[in-house]
Amino acid sequence: MKILLVAGGWSSERAVSLSGAVQIEKALTSLGHEVVPYDLSHDFPGFVRRAKACDFVFLSLHGAPGEDGLPQALLDAAGVPYQGSGPAGSFLALNKAASKQLFLEACLPTPRWTFVPRDAGTSARPDFPLPWFVKPNLGGSSIHMTLVRRAEELPAALEKVFAHGDDALIEEGLSGPELTCAVLGDEALPPILIRPKAGEFFDYASKYEPDAADEICPAPVEPAVTEELSRLSLAAHRVLGLCGYSRADFILAPEGLRLLEVNTLPGMTPTSLLPRAAATAGLSFADLIARLIELGLAQQAKRP
């Protein structure tokens, strides 16, 4: 097939997107596809023209645009197949406040949170105790995220988010091991235990610098925890209306597992978690890419 490989864009996660695209292009080429690289810009008519000239679009995008559902909406309107979730599910997963509300309604355990619009100023105070994680509501890769241990640190943490044009989410800072569990098709992949070698949480450096974190797959946890990780990941995938694949992040708090967020376009760099989980399940990187294309084509066949 002739495949448009879309990467770059203008989000704060552009570098991650481009890094993943290098690996994806190699895999697509090894599978015998003709690859047309495309750096997404605001030229949406140009994007649609390029997409229509291809048989399939592979999205290597993170943040907005990409995980916000914008390219997916344009591709749906053009009738061009792509991998992963559609516009609505993509946006709901990217929007942390919206997705956490859906988790709450579905009785999926998630840390307490407070949403702070960027025009509300920096005087907000959550009604749950310290520590707090302050995050961009629409961001990813832990970019611009701050761990707040003292209340007087909160205004600066909020301003850090607001300065980049996003609303903020203040989340309960639970302690415990970090875990992630991916969904591929209608099955959960083996979960991964994450141990950052430096820092207090799985930040940008831990995620993308080589050997910055120990990522153990399958996670060395009790069978009941593995079963619950699979159940919650599949449930979150369904609640958000996702398809194809996703990856859910968790904290194993003293009270039990807590669902943090779901990624609809998980990282595909050499250090990324989804390829590691797929490898443990017996799928090479090229196998994973082929499966995502297969799922994308099947999903396109279901669209009206």
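Even glycines carry a Cβ here, placed using N, Cα and C.
What Swiss-Prot lists as domain 'ATP-grasp' is 100-294. Among the features that Swiss-Prot reports, ATP binding site is placed at 126-180. The Mg(2+) 1 binding site annotation in Swiss-Prot covers Asp249, Glu261, and the record cites sequence analysis as its basis. What Swiss-Prot lists as Mg(2+) 2 binding site is Glu261, Asn263, and the listing cites sequence analysis.
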Local backbone state of Glu261 (Mg(2+) 1 binding site), from DSSP in three classes: strand
Residue from Asp249, Glu261, Asn263 whose C-alpha is spatially nearest that of Pro126 (ATP binding site), among the binding-site residues: Glu261
Averaged pLDDT score, the domain 'ATP-grasp' (100-294): 91
Fewest Cβ neighbours within 10 Å, where candidates are the binding-site residues Leu147, Val161, Ala168: Leu147
Rounded Cα separation (Å) that holds between Glu261 (Mg(2+) 1 binding site) and Ala168 (ATP binding site): 15
Helix, strand or coil at Leu154 (ATP binding site) [DSSP, three-state]: helix
All-chain count of other Cβ atoms within 10 Å of Asp249 (Mg(2+) 1 binding site): 19
Distance, Asn263 (Mg(2+) 2 binding site) to Ala168 (ATP binding site) (CA atoms, angstrom): 18
Cα-Cα distance linking Leu154 (ATP binding site) and Asp249 (Mg(2+) 1 binding site), given in Å to the nearest integer: 24
Between Asn263 (Mg(2+) 2 binding site) and Leu147 (ATP binding site): CA-CA distance (Å): 21
Densest Cβ neighbourhood among Ser175, Asn263 (binding-site residues), 10 Å radius: Asn263
